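Before I ask anything, here is the structure I am working with.
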Amino acid sequence: MEDLGENTMVLSTLRSLNNFISQRVEGGSGLDISTSAPGSLQMQYQQSMQLEERAEQIRSKSHLIQVEREKMQMELSHKRARVELERAASTSARNYEREVDRNQELLTRIRQLQEREAGAEEKMQEQLERNRQCQQNLDAASKRLREKEDSLAQAGETINALKGRISELQWSVMDQEMRVKRLESEKQELQEQLDLQHKKCQEANQKIQELQASQEARADHEQQIKDLEQKLSLQEQDAAIVKNMKSELVRLPRLERELKQLREESAHLREMRETNGLLQEELEGLQRKLGRQEKMQETLVGLELENERLLAKLQSWERLDQTMGLSIRTPEDLSRFVVELQQRELALKDKNSAVTSSARGLEKARQQLQEELRQVSGQLLEERKKRETHEALARRLQKRVLLLTKERDGMRAILGSYDSELTPAEYSPQLTRRMREAEDMVQKVHSHSAEMEAQLSQALEELGGQKQRADMLEMELKMLKSQSSSAEQSFLFSREEADTLRLKVEELEGERSRLEEEKRMLEAQLERRALQGDYDQSRTKVLHMSLNPTSVARQRLREDHSQLQAECERLRGLLRAMERGGTVPADLEAAAASLPSSKEVAELKKQVESAELKNQRLKEVFQTKIQEFRKACYTLTGYQIDITTENQYRLTSLYAEHPGDCLIFKATSPSGSKMQLLETEFSHTVGELIEVHLRRQDSIPAFLSSLTLELFSRQTVA
């Protein structure tokens, strides 16, 4: 809105300017040129120039306003484009995440489908193997049935032979009515038994058909394990029926006994042939009875017709046998077939029990392996946590080393200030002695640092090996997880790998304990080195000055040391020469003459003793100053501060009611900038102050000051 107002003002000023110029032009044209003075022309020219300048300014302002408008529009368009781009980017990112999630879901589904396909293939292979076994069993059963058919054919031949014998007996027994009647009665009984046997065969055929139907149903439902139990129940019912059949087949021995009796009678009839001569005498009497025998022959013809009918039934039975595919012609064959079915059923039950037992064992092994995997993963997590704690401890130790180096530098500065107060005459022997001690300490520190660096390198190598082993363990865990997933599908995971993993875990635990001990030793050595003035070369940089007094002093000490070594060698040579009793070389005599006298040695000893006394005084002064500083802090703050353990400080108030009333603070940060109040018996009595000043305000000085005021008020009230 402000831009529109400015634009309208610019347009109005432009219009007024144009009107003014047109009026001036018209007025100027009406005037006479001769009457106008040159001064008025100059004024008009100046005014016209000013008006043109104003017009230019107004035009430039309008142009600037238009440019600013275009700029604002461009910025708005850029903002809109950015917003649209950000929206498009967010939508594309969301779509990408959705696509990634969908891909992951599809991958998981594909894996599940692959696993299901593998399981289905395994089940199909198992079913094919079972079908092959069933086919083999059926082939064996068909072979047995063929053998039984052969045995039935032999039995038919024997029956035909018996028929021939019966015909012979009829011709021989024509003259014996009583015997023929008995034979006829026996034949009738045999026919009845045959009828019973035919009925039993029909029932057996029906049962065989039922068994075939059950076999077909079982072959159709073998793919499903659950339906096997139902089939087993059906087979048990069939077994009960077969048992009933067995009870009926027990009657077969009685028929065999009757056959034996018939054979004995045939033998007896053979003997009767011998007595045929005697029977011929009775032939006349038997001719009278011929009419009766003719009637008997008619009955025999009827019996033969019935026999033919029975033979037709036998042939139809054999045809049914061939059409059904089961070679069962006798009850014995049926009993054998039933026994085979029972044996197959028992074998299937044994296989089922073996499969279930193996599945249970594999399931138990899988569960044990899963537990072992969980234990190994837990141990790995513990190892990682311990490694993190060790790294944190190493960082704390490094920070502590830095603090100790700072304290050492402060102590050196204090000692330097005390040394600066000494006179130059007293300073030089003390400096030389201190430089010697410093050089010895430097050599010791260098040697110790070399040892520590070697130990640190070994520890780092061992840590690297430990990390590699941890990585190997992680890879083995991943392999174990993949193997456990495959074991859940196929149950083929072995316990040997679990035992090896246990051994590896035990070895790693031993190595971890050993590394922890080495780490503790290294931490102790680092503390000692820090107390001795060592520093971390990777983090602390030492600057060496070109004209360093310490380097000059060291150079002098080295020169003095070399001179002293040369003098010692000369003195040793002198002693050897004197012991041998030979002449002393001139250079050794000169060296002996140049040695310091006993007075100089006594003076040097006095200087050393005075330096030691000065150091002792400095230590005493330092201790007294520290005591004074602590007393001043105690009187000023009202709290006595004592260091109990590492990073723990005990504060005892000046106005404490009991000597055991104290507060314990623990430094949570290495620099000591953050403190944490530990729980004590006295802290339970000041819970309100802790809640107000520490938890809400987070101010330890306010808490301590309020605590001193409260204790002071208690003492004054008391």
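The backbone N, Cα and C atoms fix where each Cβ goes, and this holds for glycine too.
On a predicted model such as this, the values are computed, not experimentally measured, just so you know.
Sharing the features that Swiss-Prot gives for it:
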CROSSLNK  Lys61  SUMO2 cross-link
MOD_RES   Met1  N-acetylmethionine
MOD_RES   Ser16  phosphoserine
MOD_RES   Lys61  N6-acetyllysine
MOD_RES   Ser214  phosphoserine
MOD_RES   Ser428  phosphoserine
MOD_RES   Ser598  phosphoserine
MOD_RES   Ser610  phosphoserine
REGION    301-340  region 'Important for interaction with IK'
REGION    380-532  region 'Necessary for interaction with NEK2'
REGION    439-480  region 'Important for interaction with IK'
REGION    540-551  region 'Necessary for interaction with MAD2L1'
MOTIF     79-82  motif 'Nuclear localization signal'
Where does Lys61 (SUMO2 cross-link) sit in the DSSP three-state scheme?
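Going by the DSSP assignment, Lys61 (SUMO2 cross-link) falls within a helical segment, counted as helix.
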Look up Ser610 (phosphoserine) in the DSSP assignment and reduce it to helix, strand or coil.
helix
How many helix, strand and coil residues does the motif 'Nuclear localization signal' (79-82) contain under DSSP?
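Grouping H, G, I as helix and E, B as strand yields 4 helix, 0 strand, 0 coil.
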From the Cα of the residue listed as 'SUMO2 cross-link' across to the Cα of Ser610 (phosphoserine), what is the distance in angstrom?
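If we compare the Cα positions of Ser610 (phosphoserine) and the residue listed as 'SUMO2 cross-link', the gap is 92 Å.
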Considering every residue in the region 'Necessary for interaction with MAD2L1' (540-551), what is the mean pLDDT value?
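Over the region 'Necessary for interaction with MAD2L1' (540-551), the predicted model scores a mean pLDDT of 59.
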